[in-house]
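A quick write-up on the structure given underneath.
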């Protein structure tokens with residue numbers, strides 16, 4: 001199965017535009033988040049959730065650093081010029097960002113759910129060690145899953161107008177039947193993992209919403225439950241917008257690309273175009289994750305508000321100084337008139 005090359009045309013127009021936006025906003029926002037988290041660390045205010053946020057920010061920066069290669073790839077109309085090794089590395093970064101983000105967001109959701117539903121246990125225990133262990137497990141798991149992308153050839157060549165075009169992670173037409181079956185099974189296992197995590201996050205929302213504000217032994221501070229629900233709704237929003245479309249389309253798309261199911265030409269083209277759109281939506285997570293952080297903890301919100309207040313204060317001070325500088329001074333004007 002080889003999809004007509006005209007079906008790829010639209011992606012070379014809109015994907016570079018979106019990836020450029022993601023690169024600029026993602027680089028700035030995630031560096032700022034890393035700065036805020038470093039401030040919290042220096043103030044010895046790093047809790048379990050901040051450890052998850054730090055690791056998630058690092059994962060987002062890995063993806064952002066790979067974006068210039070993908071921007072150039074699509075601007076060249078799908079011709080990879082950086083060699084097979086860089087194809088595998090940048091493709092691996094994309095995979096690592098996607099699934100480490102999904103798992104770290106799940107860890108953040110479980111942490112907030114624990115804090116709301118079991119406040120006394122959460123307040124009386126030092127969860128930082130637990131956070132470090134969970135992060136190590138997530139990185140080991142995701143890196144292990146990404147090994148096949150790093151060790152297998154990433155470039156597929158095909159001719160176009162008597163010229164060799166090098167596609168990066170596009171197409172499995174030349175693979176053996178056994179390899180295609182392995183790839184298909186791997187894809188569906190990953191899709192299953194996503195829906196398990198998504199269901200877990202939805203369950204966290206339900207548990208928090210059903211938790212009373214007052215129990216027989218503890219009265220929850222005002223707004224804690226509301227803020228936790230806001231954060232979890234933001235996480236669900238990121239999942240629905242960024243990840244859910246891809247994991248719905250990924251299965252049928254994989255079956256089409258692997259030639260396991262013989263779809264019609266129209267269906268193959270629709271799956272190919274839709275799959276590219278879902279990849280762009282997944283890239284959006286690198287600029288939406290900082291929004292989740294804002295709802296995650298009061299300390300993080302407090303530092304951001306303090307920075308914004310400081311910027312506004314400095315701006316107003318500079319404005320007052322400029323006004324005073326240019327205000328007419330009667331004594332100076334009189335001296336100048338004499339001179």
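The backbone N, Cα and C atoms fix where each Cβ goes, and this holds for glycine too.
When TrEMBL is compared with the stretches 188-208, 251-271, the one noted as transmembrane segment is 188-208. Taking TrEMBL as the reference, the stretch among 12-40, 157-185 described by the feature transmembrane segment is residues 12-40.
Between the transmembrane segment (52-71) and the listed ranges 12-40, 188-208, 277-296, the one holding the most Cβ pairs under 8 Å is 12-40. When the stretches 12-40, 129-151, 188-208 are ranked by Cβ pairs under 8 Å to the transmembrane segment (229-248), first place goes to 188-208.
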